[in-house]
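Before any comments, here is the structure.
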Amino acid sequence: MTSRGLVAQLVGARAHTPKRLDSWSGHILGCRFNAHLGHKRKATDGCFSPISLSFFLPLSLKLLNIFPVYLENQLSWTLQIKPWVFSKYRIMWLKSFRMTFACLNTMRSYRYPWTRPYSTSRTTVDSREVKTFLTLAHRWWDEQGAYAPLHSMNDLRVPFIRDNLLKTIANHQPGKPLFGMKILDVGCGGGLLTEPLGRLGASVIGIDPVDENIKTAQHHKSFDPVLDKRVEYRACSLEEIVEETAETFDAVVASEVVEHVLDLETFIQCCCQVLKPGGSLFITTINKTQLSYALGIVFSEQIAGIVPKGTHTWEKFVSPEKLESILESNGLSVQTVVGMIYNPFSGHWHWSENTSLNYAAHAVKQEHLAEAEFVLEDTEELQAKASSSPAVHEELKKGL
């Protein structure tokens, strides 16, 4: 197909665009396609080189929320206004026979949690991360080995989880303060955090996509008969159990996990779905700063050998601000964000106001958000009818 043929199809597709949007975007789209055809224009014409097609086209599409749809043997565009359905990175493909344009645009994500059901076609598991942890599966319970920092981190994270959960319990049993609570430990590894939570009386399910990690955890659990009825392990990913465990758990724990997942937004979405309304999500992770790269990767992995090389990828680190934004957009209210500092010489952790390295976050799933929205809609509808019906006016007054 010739370049002029492609333009003809694109212009024809735009004929179906609503007038109020067509008049606003016409100059941008039409001008850039002329540039693609190689028309010579003066600088004052506002048209640019062929490269401008790959820049201004996705820009105008982003502003209009136009998502291209490829149909068999033809190219057509469909306007879809989706105010809460943006993803962090969206690739827009324009295909017509042998001609393809790929444009990448970035948009901030914000969606109400009840408007985006989980898609089973997505996964949060990174196969490269699985291979890394597979080689370390036998070293989980070596308190002086590769996971020594995680062993000592229990001195902070176990009380952090316990104390925040106790705020939601009216009465608790001495020695078993978390008795009756159901907790999901996501990315449990060898069970370093799962077991202490079980000893506090909670019923804990630990899941991990690495089979060898689960075998190590089950083997270690067998040494303590008390844990036999309280702790269960499964070799699976979080998204595999979302449907069967929807709104099941009082708490979900993802400690030192989110910096290893493939899709953070999907991961948080799944965490929210398995939580009961009012349930707690606990996360510990690493901030994305220059300091975290220097100390968390260069020093810890390449120089001091505190953790094995290749354990972390700096690009996957997440700042507290970004994490809080994702949590809030999924109906989770952030309660606490606090920094954690590790001393490699003493091997101990301590709390800090500085979150530039490690930090812990606690968020609570908001209750009945969707119901509140529906009540608001019903109230607005009644108000609209009140002026024409005295009976509805009285009903509205009672409802308010």
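Cβ from N, Cα, C; glycine included.
Pulled from TrEMBL:
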BINDING   Arg157, Gly187, Asp208, Ser255  S-adenosyl-L-methionine binding site
BINDING   Glu256, Glu259, His260  Mg(2+) binding site
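Residues Gly187, Val257, Val258, Val261, Thr285, Ile286, His312, Lys316 surround the recorded Mg(2+) site, their Cβ atoms falling within 8 Å of the Cβ centroid of Glu256, Glu259, His260, which are themselves excluded. For Gly187 (S-adenosyl-L-methionine binding site), the Cβ neighbour count at a 10 Å cut-off comes to 26, with all displayed protein chains included. Its Cβ placed at the centre, His260 (Mg(2+) binding site) has 22 other Cβ atoms within 10 Å. The shortest Cα-Cα distance between His260 (Mg(2+) binding site) and any of the binding-site residues Arg157, Gly187, Asp208 is the one to Gly187. Glu256 (Mg(2+) binding site) sits 8 Å from Gly187 (S-adenosyl-L-methionine binding site), taking the CA atoms of both as reference points. Sequence-distant contacts of Arg157 (S-adenosyl-L-methionine binding site), defined as residues of its own chain at least six apart whose C-beta falls under 8 angstroms from its C-beta, comprise Leu193, Ser255, Phe282, Thr284, Ala360. Here the binding-site residues are Asp208, Glu256, Glu259, and the one with the most other Cβ atoms within 10 Å of its Cβ is Asp208. In this structure the alpha carbons, written CA, of Asp208 (S-adenosyl-L-methionine binding site) and Glu259 (Mg(2+) binding site) are 15 Å apart.
In this structure, the CA atom of Gly187 (S-adenosyl-L-methionine binding site) is 11 Å away from the CA atom of Glu259 (Mg(2+) binding site). Among the residues the record lists as binding S-adenosyl-L-methionine, namely Arg157, Gly187, Asp208, Ser255, the two farthest apart have Cα atoms separated by 19 Å. Cβ neighbour count for Ser255 (S-adenosyl-L-methionine binding site): 24 (other Cβ atoms within 10 Å of its Cβ, all protein chains included).
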